[in-house]
Protein chains: 2
Amino acid sequence: MSRPPADPPAPLAPPAAEPTVGELSEAELLARVLPLLTRPAAQVLLGPGDDCAVVAAPDGRYVITTDTQVEDQDFRLAWPSGVRTTGYDTGVKCAAQNLADVAAMGAVPSALVVSLTLPPRTPVSWPEDFARGLAAGCEAMGAQRCAVVGGDLGSGRELSVTATVTGDLEGRDPVRRAGAGEGGVLALAGTTGRAAAGMALLEDPRYRAGQDEALDELAAAQLRPCAPVPAGPAAARAGATAMIDLSDGLLRDAGRVAAASGVVVDLDGAAVAALAGPLDPAARLLGADPRDWVLTGGEDHGLLAVFPQGAPLPGAFRAIGSCAPAPPGHDGTRPRVLLDGRAPHLALGHPVGEGWDHFEP
Amino acid sequence: MSRPPADPPAPLAPPAAEPTVGELSEAELLARVLPLLTRPAAQVLLGPGDDCAVVAAPDGRYVITTDTQVEDQDFRLAWPSGVRTTGYDTGVKCAAQNLADVAAMGAVPSALVVSLTLPPRTPVSWPEDFARGLAAGCEAMGAQRCAVVGGDLGSGRELSVTATVTGDLEGRDPVRRAGAGEGGVLALAGTTGRAAAGMALLEDPRYRAGQDEALDELAAAQLRPCAPVPAGPAAARAGATAMIDLSDGLLRDAGRVAAASGVVVDLDGAAVAALAGPLDPAARLLGADPRDWVLTGGEDHGLLAVFPQGAPLPGAFRAIGSCAPAPPGHDGTRPRVLLDGRAPHLALGHPVGEGWDHFEP
C-alpha cells in the first residue's frame, strides 16, 4: 500500500483551448471518462452500458455503503493557502472514504458506482482527472479487485460526487461496531489526525506548499487520504470483534463503538502522543495542539478495531487503548471514551466527544 | 400498482416555527428521517447504522445502478405555473427512476442507499417528506420488498439526491439492451410522453393546477412518475430478449436497443397515436404536437421490451412496433428507429433521435 501519487495542480479556469463539460454532450463526456474508470474484473458479470451492471456475490451476500462529497464542504478547488486541487484529488478521496467503509466491515471492495454533478463551466479535465484519481486510489489503497461498474453524469450549479461501493465478506461474519468486549484491545490501522492537521494548513495562508516536506505530507493526507483497505479483511481474519472507519474523529468514532458495544474505551495517552508527534511541525506553525487533531480530526479513514485480549494484532494495526465494561447505569451523559482513565480535555475548549458533524455550525 | 398519492403542497419558506436542517445536528436529522425509511425485510441481513449494510444475494449476483436528481435540473420546488412541490414528490421520482433501471434488467429491487445534500435553510420537513415519498413510491410501484439500507446526509448550496439501488435476478439471465432479434415485437409497459407533457404544463403559466383533471394527471406524471416495476421481471419470465427503461425518450431509448442489438426498430404509427391521445388536452392548451412528447419525452420510466414473434405479451405490455434486421452496412448515420417504415419527423423541428441529454444546451 502506498500513498496515491500527487497530480500536478491545474488552473481553476480552463485555458481557452480546453473544452468545458457544457460544450460536450453527455455521450461525448461519457466516452472520455468511462475508459479511464473501467477495466475487466472477474466479479463483474456485466459492466457499464446497460440499465444496471451485474456483479457476482460469491457468498450470497454483499455489503453496501454510499458517500457524497460536495465542493466547499468536502473538498475545495482552491484553498486559502493558495493550494489548488484537481479532480484527481477528489477521485482519490472518493475512493478512500468509500473503500474504508467496506474495509471496516471486514469486507473486500468489489464494485463502485459513481455519480458526478458538474456545473457546465467545469473543464472537461476535471471529470477526467477524477476518474484517474478514483482508479489510482483503488489501486494504491489495495482495492485492486474493485471495479467501477456504472454511474451517472448530470449538470448542477455545484460540483458534487456520490459513490456507492459494495464488498464481499468472503464467507465471514461482518465485523460490526457492536462487539467490543471487556478487556478488548483497541487498535488502529492507518493514521488519524493527519488529515485534520492538513486541513488546518490548507486553510491558513501561513502554509506555503513546497517548502517543508513534513507539512506537505500532512496537506496530502487531507487532499488524498489513503485508507488501509486490506487491513479491514486482515482484522476480520485475525478475529476482530468490532471495527469502524475513522471518518469523524477518534473520540466520536471510538465513542460509537463503545456505545454500540456497551463498554467504555480507554485511550492510551502514550499512543495518542505518538500519533500527535508527526503533527508537531504543523502545530508549531499554526499555534495549535496536535493532540486535538488526533482526538477529533476526521477524514484520514484509518480503521479502528477491537481485538480479543492476547490475540496477535495484524501487521497494519498498533494498540492504542483498551475496553472496560461500562459502569452500571451508564446513561450516556458520562464520556464513553477516556484518556488514561480520565475524561479527555481538549486544548481548544471543544466539548469532549466532538468530531465532524455535517450540519453543526 | 397505483399512482403514488399526492402530498399537500408545502410553502417554500418554512413557517417561523418549523426548524431548518441547519438548526439540527446530523444525528438529530437522521433520527427524524431514518424511521420513515426503514423497515424489516428478509433480504436485509444488517440494516442502517454501521459502516455498511449487509444484503442477501440469493442467486450469487446482484444488479446495481445509481441516479442523481438535482434541484432545477431534475425537479423544481416551484414551477412557473405556480405549482409547488415537496420532498414527497422528489422521493417518489427517486424511487421511479432507480427502480425502473432494476426492473429493466428483469430484476426485483432489493435494497436502496440514498444520499441527500441539503442547503442549511432547507425545512426539516423536506427530507422527512422525501423519505415518505421514497417509501410510498416503492410500495405503490410494486417494489414492496425493496428496503432502504443506508445513506448519507450532507450540506451543500444546492438540493440534490442520489440513490443507488440493487436487485435480485431470481436465477434468470439479465435482460440486456442487446438482444432484440429480427421480427421481435417491441412492447411498452407503463407510459411515455406523459411526463414530458406534464413538464410543459408545469413550465407554462397558462396551466393552473386543480382546474382540469386530465391536465393535473399529466402534471402528476412529471412530478411523481410511476414505473411499472413488476412488469420488468414479468417480461423476463415471458422470454423478453431485450429491455430498457424509457428515461430519455422513445426515439433515443429505442435507438439504444436497436444499436446494441444491430436491428432497426419500426414504431407503429397507430400505437404512437394511441399514446398521444391522452396528451391532447395539454397539446391544445399549449399549441404543441402531442406526438413529439410521445417520441422524445423522457422521465415516465415505462419499460420498453422486445419479445419473440408470436410470444404472448405479459398483461402490462402492449405492442408498439417491431424489429427488422439493420440493412447491410448500417453505419449509424441513418435512423435506427422508424415510424411506419419511414424516418420520423418531429413537428417542432428537433433533430430526429433527440431525447434528453444532461449537458445539451
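Cβ coordinates come from backbone N, Cα and C, glycine included.
Note that the structure is a prediction, hence the values are computed from the model and not measured.
Here is what TrEMBL says about this protein:
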{"type": "COMPBIAS", "residues": "B:1-17", "note": "compositional bias 'Pro residues'"}
{"type": "REGION", "residues": "B:1-21", "note": "region 'Disordered'"}
{"type": "DOMAIN", "residues": "B:49-167", "note": "domain 'PurM-like N-terminal'"}
{"type": "BINDING", "residues": "B:ASP51, B:ASP101, B:ASP245", "note": "Mg(2+) 3 binding site"}
{"type": "BINDING", "residues": "B:ASP51, B:THR65, B:ASP101", "note": "Mg(2+) 4 binding site"}
{"type": "BINDING", "residues": "B:THR66, B:ASP67, B:ASP152", "note": "Mg(2+) 1 binding site"}
{"type": "BINDING", "residues": "B:ASP67, B:ASP101", "note": "Mg(2+) 2 binding site"}
{"type": "BINDING", "residues": "B:ASP74, B:GLU299, B:TRP356", "note": "substrate binding site"}
{"type": "BINDING", "residues": "B:GLY151, B:ASP152, B:ARG177, B:SER247", "note": "ATP binding site"}
{"type": "BINDING", "residues": "B:ASP248", "note": "Mg(2+) 5 binding site"}
Inter-residue Cα distance where the pair is B:ASP245 (Mg(2+) 3 binding site) and B:GLU299 (substrate binding site), in Å: 9
Interface-proximal binding-site residues, chain A, C-beta separation under 8 A, candidates B:ASP67, B:ASP245, B:SER247, B:ASP248, B:GLU299: B:ASP67, B:ASP245
Packing count at B:GLY151 (ATP binding site) (other Cβ atoms within 10 Å of its Cβ): 25
Cβ-Cβ distance under 8 Å to B:ASP245 (Mg(2+) 3 binding site), same chain, at least six residues away: B:GLN97, B:ALA100, B:ASP101, B:ALA103, B:ALA104, B:ALA227, B:ASP253, B:HIS301, B:GLY302, B:LEU303, B:LEU304
Secondary structure of B:ASP74 (substrate binding site) (DSSP, helix/strand/coil): coil
DSSP state at B:SER247 (ATP binding site), helix/strand/coil: coil
Reduced DSSP assignment, B:ASP101 (Mg(2+) 3 binding site): helix
Residues of the domain 'PurM-like N-terminal' (B:49-167) by DSSP state, where helix covers H, G and I: 33 helix, 48 strand, 38 coil
Between B:ASP74 (substrate binding site) and B:GLY151 (ATP binding site), the C-alpha gap once rounded to whole angstrom: 20
Which of B:ASP74, B:ASP101, B:GLU299, all binding-site residues, has a Cβ with the fewest other Cβ atoms inside 10 Å: B:ASP74
Pairwise Cα distance for the residue listed as 'Mg(2+) 5 binding site'/B:THR66 (Mg(2+) 1 binding site) [Å, integer]: 15
